[in-house]
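A quick write-up on the structure given underneath.
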Amino acid sequence: MAQQFCTPAMIATPLLLTAILAVVSANPLGRRTMVVHEKRNAVPSGFVQSGSVPASKEITLRIALTNTDITGLEKTMYEISDPANALYGQHLTPEQVAEFVKPTAEGLAAVTEWLSENDISPKSASNAGDLLQITIPASKADELLSTKFSTFKHVESGVESIRTLAYSVPASLKPHIQFVHPTIAFTAPLRGSPGVTAINTKRALGQEKRKDPVEERYPASCATVVTPACLQAFYGIPTAKATSSANNVLGVAGYVEQFANQADLQRFLGALRPDLVNTTFLQNSGGEAVLDIEYTVGLAGGVPVTFISVGEDNNDGVMGAIDIVTSLLGETDEARPTVLTISYGFNEEDLTIALSRGVCQAYMQLGAVGTSVLFASGDVFVPAAPSGCPFITSVGGSAGLPPQVAANFSSGGFSNYFTVPYYQANDVRTYVASIGEQYAGLYNTTGRGYPDIAAQAESVEIAWKGNFTLVEGTSAASPVSASIFALVNDKLIAAGRPVLGFLNPFLYSAAGRAAFTDVTYGTNPGCNTDGFSASTGWDPVTGLGTPNYQQLLTAVGLDHRSH
């Protein structure tokens, strides 16, 4: 989802966040001076306006209020996540996080008063009260926001959503409101299912690109069919079960009505991990959910795995992400995942800057309480969200027998919405300098770079709908990586130490880098270009490289020889 040099226009933000156009509300209970809060200049590509919205049609909206001290939370988050800081590992409680993100008293009172003037009673939609939810008729929503909601159809899928191209809020409330959603965010229907192919030997996973000999200690079959045993050999993953199940949960997020399927999981484990045949899940399967569950349960043996399902909502595409965070922050420490893997995402330009920040800040809250959040970087050649968020770990794709090459669909690039975070500033600067004028002006040289790391993403074998088949995509790489970090957490807990939490400052540290095998060959072509190239050090194709479990134990100060 993220090479960003298709056109120079990709750098331009399609939103007008600080418009000064003033209008007067038709509010029958009082007149307020309204100002445009967010605006799109045109209907996004891939969507068409398909009709009006019945006046009585109820619309559910979320109003995100300005937080009390989001900057303070970011500062604290980095302090407790940086191994060089004395506060490293001192994760916050949800209550402590709420103190940072709760709305200001002034803002909450002012927005509530405005809604009350319009006979609207909001309810809180977050733990800290910084999200208010209202459900009102479309005609009232038009009046409240001085706009006109319409129905828009996503051409490819036919899915319809209720959206507008601009909305306004009272001028006096502009400092207190981050965004109202869903309004001008046009997200394509979530896609997560990997590309499923029949088992074959379509190619030896990029071997033709390799300039150095393939190591011979791996089964030859791993060049065409990748199983848990292959990944254990590739990345030093132990075959023994985890022993510290208390306070260590591996979470798998599922969207678009995908669920883990018990029959497929049992078939997969019976054939490839017979020592782990002991888990029950919901019925109804999707390729994405099957892949995620089979390669978390199948690799992180002994670590409890929780599948978190978010139902499909045709009037919203992204708030499920914030809903998951809200739900997990409300869990007990024992039930909340220490690692969360998500293989779904959006095009960055589909979201507004304000909404992107809101989603990103939600993941920051999870990181602050000790949850490592990993996202697949994507397989489509467009800017990616939330991989551009600096508070998640973006996972790209690798392929072949070690030393691996970059999967040619491993999405990566630089965010147009988020600046480069401190932990990778030198890496981004070095890579940008190394490619010189190539693609000059067509990508954001000062944006957050991604992915952060990579893992196997080609010809991964799964059991699906009663058969064994192969899948490919960074959707495979994220659960594989998440399983490795969950196993590291198992050893940390056994040693009486805190779990890893937000990963990136550790990953980019000297010790963290040493636990990854650099991927130096391969590109991610697209838009009639060769794309970015993998290179020595961090690159926007495979990040820092592929993980090694044993070396990660060393990096966190545990003697891997005893494990």
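Yeah, the Cβs are placed from backbone N, Cα and C, and that goes for glycine too.
What TrEMBL records for Glu288 (among others) is active site, charge relay system.
What TrEMBL records for Asp292 (among others) is active site, charge relay system. Of all Cβ atoms in the shown protein chains, 32 besides its own fall within 10 Å of the Cβ of Asp292 (active site, charge relay system).
DSSP gives Ser475 (active site, charge relay system) a helix state. Here TrEMBL flags Ser475 (among others) as active site, charge relay system.
In the three-state DSSP reading, Gly537 (Ca(2+) binding site) counts as coil. Summarising the annotation, TrEMBL assigns Ca(2+) binding site to Asp518, Val519, Gly537, Asp539.
What TrEMBL lists as domain 'Peptidase S53' is 225-559.
Look at TrEMBL and you will find 1-26 tagged as signal peptide.
For the domain 'Peptidase S53' (225-559), the model's pLDDT averages out at 88. In the three-state DSSP reading, Asp292 (active site, charge relay system) counts as helix. Excluding Asp518, Val519, Gly537, Asp539, which define the Ca(2+) site, the same chain contributes Thr520, Ala534, Ser535, Thr536, Trp538, Thr542, Gly543, Leu544, Gly545 within 8 Å (Cβ to the Cβ centroid), listed in sequence order. Asp539 (Ca(2+) binding site) sits 19 Å from Ser475 (active site, charge relay system), taking the C-alpha atoms as the reference points. The Cβ of Gly537 (Ca(2+) binding site) lies under 8 Å from the Cβ of Asp427, Thr430, Tyr431, Asp518, each of these being in the same chain and 6 or more residues away along the sequence. Residue environment of Asp539 (Ca(2+) binding site) contains 30 other Cβ atoms, counted within 10 Å of its Cβ in all protein chains. All protein chains considered, the CB of Ser475 (active site, charge relay system) has 31 other CB atoms within 10 Å. For the binding-site residues Asp518, Val519, the largest tally of other C-beta atoms within 10 A is found at Val519.
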